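This report concerns only the one structure given below.
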Ligand SMILES: [Zn+2]
Ligand SMILES: [Zn+2]
Ligand SMILES: [Zn+2]
């Protein structure tokens with residue numbers, strides 16, 4: 001589902017968005033790309049404990065603005081971040097996929113394999129972002145219950 005992006009590609013990604021290639025930025029990207037679920041802000045804070053929260057917050061903000069990551073919320077209302085697909089652009093995200101919140105592990109999955117019909121908005125409405133949520137149990141937790 002998620003493509004594995006190498007470190008080399010992260011550097012290219014930062015170049016493409018005119019962001020300086022700093023250690024913390026590369027670390028945030030590699031952490032997020034290594035998971036098939038979104039990464040919660042507290043998780044990022046604990047992994048990135050060597051940098052201060054303000055710096056981390058700025059990194060996340062910059063990535064979100066540039067169309068590299070998108071923000072989703074888990075069932076606790078905690079901010080989670082997930083990698084965007086290459087069609088996201090600065091100020092214009094295309095993360096029109098289902099965000100599945102597991103009620104047991106509280107992980108948020110980006111389900112981009114579902115083909116959702118494009119939304120037609122009434123005249124005069126201009127959409128800048130769109131997030132769709134569902135909740136239930138993920139395959140991992142459903143398997144654990146069955147045992
Ligand atoms: Zn996006
Ligand atoms: Zn789960
Ligand atoms: Zn997503």
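Heads up, residue numbers simply count up from 1 along the chain you see.
Placed from the backbone N, Cα and C atoms, the Cβ positions cover glycine too.
Per TrEMBL, the feature Fe cation binding site maps to 92. Other Cβ atoms within 10 Å of the Cβ of residue 92 (Fe cation binding site) number 11 in total over all chains.
Counting every protein chain shown, the Cβ of residue 102 (Zn(2+) binding site) has 20 other Cβ atoms within 10 Å. As annotated by TrEMBL, Zn(2+) binding site applies to 102, 105, 138, 141.
Taking the Cβ of residue 105 (Zn(2+) binding site) as reference, residues of its chain lying under 8 Å away and at least six apart in sequence are, in sequence order, 138, 140, 141.
Each of 103, 104, 106, 107, 137, 139, 140, 142 belongs to the same chain as 102, 105, 138, 141, is absent from that list, and has a C-beta within 8 angstroms of the C-beta centroid marking the Zn(2+) site.
Counting in whole angstrom, residue 102 (Zn(2+) binding site) lies 27 from residue 92 (Fe cation binding site) by their C-alpha atoms.
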